[in-house]
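Here's the structure we're looking at; comments come further down.
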Amino acid sequence: MPLLKDAMPLMKEPHPPPQVPLPWVLPSLFAAFNVVLLVIFSGLFFAFPCRWLAQNGEWAFPVITGLLFILTFFSLISLNFSDPGILHQGSNEQGPLMVHVVWVNHRAFRLQWCQKCCFHRPPRTYHCPWCNICVEDFDHHCKWVNNCIGHRNFRFFMLLVLSLCLYSGAMLVTCLIFLVRTTHLSFSMDKAIAILVAVPAAGFLVPLFLLLLIQAMSVSAAERSYEGKCRYLQGYNPFDHGCASNWYLTICAPLGPKYMAEAVWLQRVVGSDWVPIQTPRFPMCTSVLSPPASTSGSLQTREGSPRER
């Protein structure tokens, strides 16, 4: 049986940059401010330019923008209070001195021990420094909604970005059409509000569209935002199942059962030749290893044991 220390490492999985968590009040207030800002601008939009268009028989604009506002508001609130895929705290039965390896498409990942949550994290699971939780299939921490984006709410995030793009575009088009239709009228409060709403709608439309494009490319390639520019050995990404399958697994596939406190039971120990390590320190980074010929599941080894010498 090949030894774990003889396996060739491919790369180290990236870590989110260490951050000092802020008091929970400030991020929560910022997320609430974004919701209030959306409601205020939408209220001004529907009360002035949309009202004028509706009074003059242009009902299509209020109806379409109203439906997009409902979709945007629903996705924003859902993302604020959604579960990103929290892995709850485990137990000390599996200590940090153990080495656990799991296989993903012929690539082995050495699981990293989380000191705060007390379990070995599965691949692509990271401890968010802002929320102080481990998130399954972590993508990034969104400060606009004060929540992590992970396995269980990524589809809500994509829905929010898409609905914001459509809603901002619809608001901009509606305000421009209103200004064109009222060129023969004198300057009024309706025109002032239309300009006030059109300017931020146009300003947010470009970055939102770029964000949607970047996220769509990441989903197609089965990549995550925190990974940055890292690539696997020889360009092989073990999480990539093809563009169509990646979109299905991300957007449409069932989420599966939630990992509760029994998450440590996911780490199976196989092979009688592998024993716990005895070294007092263990590297905290997660490595990707080339798979041995005839092993699967999680493995344990001891550095400096007679078997390895």
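The backbone N, Cα and C atoms fix where each Cβ goes, and this holds for glycine too.
TrEMBL does not curate its annotations; it predicts them automatically.
What TrEMBL annotates here:
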type	residues	note
TRANSMEM	21-47	transmembrane segment
TRANSMEM	59-79	transmembrane segment
DOMAIN	110-225	domain 'Palmitoyltransferase DHHC'
TRANSMEM	156-180	transmembrane segment
TRANSMEM	192-214	transmembrane segment
COMPBIAS	288-303	compositional bias 'Polar residues'
REGION	288-309	region 'Disordered'
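Contact between the transmembrane segment (192-214) and the transmembrane segment (59-79) does not hold: fewer than three of their C-beta pairs are under 8 Å, each pair 6 or more apart in sequence. Secondary structure of the domain 'Palmitoyltransferase DHHC' (110-225), assigned with DSSP and counted as helix (H, G, I), strand (E, B) and coil, comes to 61 helix, 19 strand, 36 coil.
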